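Trainee: Can you read through this structure? Questions will come right after.
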Amino acid sequence: MLSMKNESCHGRVTLYNSMSPSDHNFSGALSTWREINLSELQKTLDAQGLELVDNQKESLIGRKALADKTKDFKKLPDDDKLTAFKGLLKAYQTEIDNLTKRSKASENAFLSVYKVLAEAPDPYPLLEAAVDQTVKASELQDLQAALRRAQEENAELRKRVNDLSKAETKAEQLEQKMEEGIQERIVQKENELNATYDEKLRNYAEREQDLQRQLSLTKNQLRDLRMSNDSNQAKLLDHSQRQDQEVVAKLAEVDMIVADLDRANSRIAALERRNEMLRAETETMRTGSDSSERVKALESQVAELESEVERLSRVLETQKAVSAEIESSLTKKSDDLTKELQVKVAEVEQLKQRLKKMSDYDEIKRELEIMKYVEFSGFEEEEDDQDQLNGYEVGVQLPDPNAEKANAQQGKSLEALLATKNKRILEELTKLRILHSELEASLQTVHGQLESTTEELTKQKALNENLENDLLSMNRHKTNGDAPPSESSDVLAGLDLGRKADSARNSPVPFTSSADTSILPIVTSQRDRFRHRNAELEEELRKQFQVISELRSEIKNLQSDNLKLYEKVRYMQSYREEVGSRPVTSQLNPLPAPSDSTDDMGKYRTRYEETMNPFEAFRGREATRAIQSLNPIERGVLVLTRTILGNRRARTFFIFYAISLHLLVMFTTYECTTSSGPQLQKQPLP
């Protein structure tokens, strides 16, 4: 042990001697700072500082006075400015001279200080070296005393040459024990390091898994927020732009807060694991330092017994050097770890404070669940029952008012909700397509029936006209009495009363008075039947027109619904393009449309693009702006004109009203002129 102290004393003496070349610089620095006389310099600087402060105050006062004079000069009329300009110029010159004097005084003060301190060395390393020299001088005295004791002990040990063999054998035994102990400790240290490394690897793997889970969770949350944002924007197209901006801003803030909170949670978890690892490493370092001290004790005992052997002395010197290096490295490492631990503790405190600031995470998440409930709570009861029978419930329910309990609830993901809603929308689209095709088929059938009915009505009208003409001609012949019987037979032969054709009708019938009296009731009854049939056909035609108008309105509604469904399909296709190759996209694919629906899709695409045309929107905004810029009278005239021109009955009534009004004015004017003429003629001349 004494020999170890001896060697350490020699090393420190050599270190102290190695610093002797800097004594000249140290003495030169002392002489330089003695010449500077820092106390007097500080007094001089205090006086100069007070003078500079006074100069600054005087400069500020002079500048304010010049500003006041300048303002007064600007307020003077042009005639008085010539006389007042000289005084103002003199004031400016005086202020410039004062500023020049103050600048020279400041420059002289700075140059005087610079001349004194320009050649002065930095006192910090010199003071640090002086402190080190003082500490090392005290240590040197202790080491010299230890060296003297070691020399005395060395002299005593030289007298024990006879016991060298026993000491060697004992040293060999101790060396073997030491090697065995060192080997055991090395094995123990290796096992401990392996366990530590395994623990670190396991912690790193867990950290990687946690980070991956957090990353996936963050991506899912981001995707959910994007989809909810897109759905909210799609549902709120009819709202004002200000509300859209507020919703988008709020969702963006929610997204940023959720991302920051996730990063803070991951950072806190990482710092806690790092803190535990540092504590474990500190404990292992403490145990390692205890074992190294015991090894040093054994080595000191061996060194005392083998002090006379040069081999052991050289080995001891090398061991001392290695131990000193290890001790210095461990000390530096311990200091570094302590500083790093302090930094990490400060970061943990900062993160805890930041976590306190973000304590409204549960409330924000509960509001997000409420938005999901509002968005996806429109499922039908049959679908809910079917989902419960399949083994799971619909994940859209009103969250608990307590934010922590609400976040503990686990529902279906947003992708599953969107897939279910998309499936329901696609089913409705398929049903509407089938209904549209059925309505088109029924409309075509009704059109065919209407055409056939119209043709039959035309034929019946023509037949009715022929019958009435024939009856008129027969009545004329009856009144005349001299009609040849062949003409009446020809007329009756040409009639087609809707009965079955036979050979007797085609043969000519002789016209007699009895035939005339017998055919007239038949013709009148046939005419009544035709009139009744014509009335029935007109009623049926009116019903068909009503059905056609209803079908047209229903077709218009279906077209508007199809246009909205096409807009939803476009939105879902854009969502599918965003999510890429996720497995949910297989559920979000729209149903395969039939081959004959490509024209309809193109038609709806054209209509959708026409509705999204910015020029049409701009034209509408310009028309609205022009209408709003009109005065109330012009706006009332415009509304009245649109009302009259937009309705056929209103147009007809307005035309008749205008014509009658003009006729009334013309008639009144004519009556006035005709009535005033005779009165003027009857007035006597004066």
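Every residue, even glycine, has its Cβ placed from backbone N, Cα and C.
Below, the features straight out of TrEMBL:
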{"type": "COILED", "residues": "82-109", "note": "coiled coil"}
{"type": "COILED", "residues": "133-228", "note": "coiled coil"}
{"type": "COILED", "residues": "254-358", "note": "coiled coil"}
{"type": "COILED", "residues": "450-477", "note": "coiled coil"}
{"type": "COILED", "residues": "527-568", "note": "coiled coil"}
{"type": "DOMAIN", "residues": "22-134", "note": "domain 'Cux N-terminal'"}
{"type": "DOMAIN", "residues": "445-675", "note": "domain 'CASP C-terminal'"}
{"type": "REGION", "residues": "581-600", "note": "region 'Disordered'"}
Trainee: What else in the chain is close to the coiled coil (527-568), if you only count residues 6 or more beyond its ends and a Cβ gap under 8 Å?
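Mentor: Distant contacts of the coiled coil (527-568): 234, 425, 428-429, 432, 435-436, 439, 442-443, 446-447, 449-450, 453-454, 456-457, 460-461, 463-464, 467-468, 471, 600-601, 604-605, 607-608, 611.
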Trainee: What is the average pLDDT across the domain 'CASP C-terminal' (445-675)?
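Mentor: PLDDT averaged over the stretch: 72.
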Trainee: In the same chain, who gets a Cβ under 8 Å from the coiled coil (82-109) while lying at least 6 residues past its ends?
Mentor: 48, 51-52, 55, 58-59, 62-63, 65-66, 69-70, 72-73, 76
Trainee: Tally the residues of the domain 'Cux N-terminal' (22-134) by DSSP class, grouping H, G and I as helix, E and B as strand, and everything else as coil.
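Mentor: Taking each residue of the domain 'Cux N-terminal' (22-134) in turn, the totals are 105 helix, 0 strand, 8 coil.
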